[in-house]
Amino acid sequence: LDMGHMVNAIAQIDEFVNLGANSIETDVSFDDSANPEYTYHGVPCDCGGTCTKWEYFNEFLKGLRKATTPGDSKYHEKLVLVVFDLKTSSLYDNQASDAGKKLAKSLLQNYWNNGNNGGRAYIVLSIPNLAHYKLITGFKETLTSEGHPELMDKVGYDFSGNDEIGDVAKTYKKAGVTGHVWQSDGITNCLLRGLDRVRKAVANRDSSNGYINKVYYWTVDKRATTRDALDAGVDGIMTNYPDVIADVLNESAYKAKFRIASYDDNPWETFKN
């Protein structure tokens with residue numbers, strides 16, 4: 001996946017997909033009552049990114065729905081997966097379940113159109129804090145109680161805090177999650193980060209008893225770092241410049257081994273060579 005970073009305004013969806021992104025990452029901030037409120041990153045900003053664009057969350061979802069509904073004038077066939085970077089650090093730990101419930105209601109209504117020909121993209125709920133794992137259970141309970149448990153087929157998970165792989169595995173056990181797991185690793189593009197933990201995550205993904213289905217690395221804006229990440233075997237790279245990632249994927253060394261994922265690829269299935 002060529003993942004566009006900090007896509008928080010509806011107009012940016014077109015912009016990033018047109019540059020080659022087949023996936024976007026969107027920041028979600030919450031109010032004091034754990035309602036998802038804005039798609040907004042805010043300062044401090046990464047280097048080279050635009051961090052002050054925003055929409056109301058529900059309005060962004062409507063724009064995203066149009067971009068991922070076949071037949072809509074705004075439809076992009078290429079856009080197959082959306083990562084919601086859930087900014088739950090503003091919440092108390094005991095609000096995580098509520099945040100999940102409210103997030104599910106927002107998505108059900110504004111993105112999935114109450115189960116009636118809504119947006120088709122796969123969704124990854126990315127949570128920064130292992131202590132907030134009940135966001136997942138709250139989300140699942142709500143879709144089930146609202147009569148749409150089948151939509152969980154479209155939902156995956158990520159803990160984005162660069163925690164020990166073993167601790168993440170334990171947390172998924174607590175949350176009752178047995179699949180659909182993406183593992184992110186990374187740091188703001190202003191700083192350098194080695195690939196040690198990425199290699200551990202890839203090893204877990206490729207082992208017979210690992211919990212990880214896919215690994216993505218963030219935030220990469222340089223060709224050299226892109227090559228290093230691909231050499232380490234990642235499934236996705238998050239970037240402010242999707243055209244840079246697309247260019248590297250077109251280099252002869254990578255063309256033979258990697259291709260841009262399409263909607264027919266299963267994002268919850270580990271790719272076997």
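Here the Cβ of each residue, glycine as well, is placed from N, Cα and C on the backbone.
According to Swiss-Prot, the protein has these features:
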- HIS5: active site (ACT_SITE)
- HIS41: active site, nucleophile (ACT_SITE)
- GLU25, ASP27, ASP85: Mg(2+) binding site (BINDING)
- CYS45-CYS51: disulfide bond (DISULFID)
- CYS47-CYS190: disulfide bond (DISULFID)
- ASN250: N-linked glycosylation site (CARBOHYD)
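On the structure: features taken from Swiss-Prot.
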residue: HIS5; record: active site; DSSP (3 states): coil
residue: GLU25; record: Mg(2+) binding site; DSSP (3 states): strand
residue: HIS41; record: active site, nucleophile; DSSP (3 states): coil
residue: CYS47; record: disulfide bond; DSSP (3 states): coil
residue: ASP85; record: Mg(2+) binding site; DSSP (3 states): strand
residue: CYS190; record: disulfide bond; DSSP (3 states): coil
residue: ASN250; record: N-linked glycosylation site; DSSP (3 states): coil
Measuring Cα to Cα, how far is ASP27 (Mg(2+) binding site) from CYS47 (disulfide bond) in Å?
16
Could you round the CA separation between HIS41 (active site, nucleophile) and CYS51 (disulfide bond) to a whole angstrom and send it over?
5
What are the non-local neighbours of CYS47 (disulfide bond), defined as same-chain residues 6+ apart in sequence with CB under 8 A from its CB?
THR188, ASN189, CYS190, ASP221
Additional residues surrounding Mg(2+), by Cβ distance to the GLU25, ASP27, ASP85 centre under 8 Å:
HIS5, MET6, VAL7, ASN8, THR26, VAL28, HIS41, VAL83, PHE84, LYS87, SER126
What Cα-Cα separation, expressed in whole Å, is found between ASN250 (N-linked glycosylation site) and the residue listed as 'active site'?
21
By Cα-Cα distance, the member of recorded positions HIS5, GLU25, ASP85 nearest CYS51 (disulfide bond):
HIS5
Cβ neighbours of the residue listed as 'active site, nucleophile' where a neighbour is any other Cβ within 10 Å:
25
Could you tell me the C-alpha distance between HIS5 (active site) and ASP85 (Mg(2+) binding site) in angstrom, no decimals?
10
Expressed to the nearest Å, what is the distance separating ASP85 (Mg(2+) binding site) and CYS45 (disulfide bond) at their Cα atoms?
15
Whole-number Å value for how far CYS45 (disulfide bond) lies from GLU25 (Mg(2+) binding site) (Cα to Cα):
15
Number of Cβ atoms other than its own within 10 Å, given for CYS51 (disulfide bond):
15
Other CB atoms within 10 A, centred on GLU25 (Mg(2+) binding site):
27
List the residues of the same chain that sit at least 6 positions away from CYS45 (disulfide bond) in sequence and have their Cβ under 8 Å from its Cβ, in sequence order, or write 'none'.
CYS51, THR52
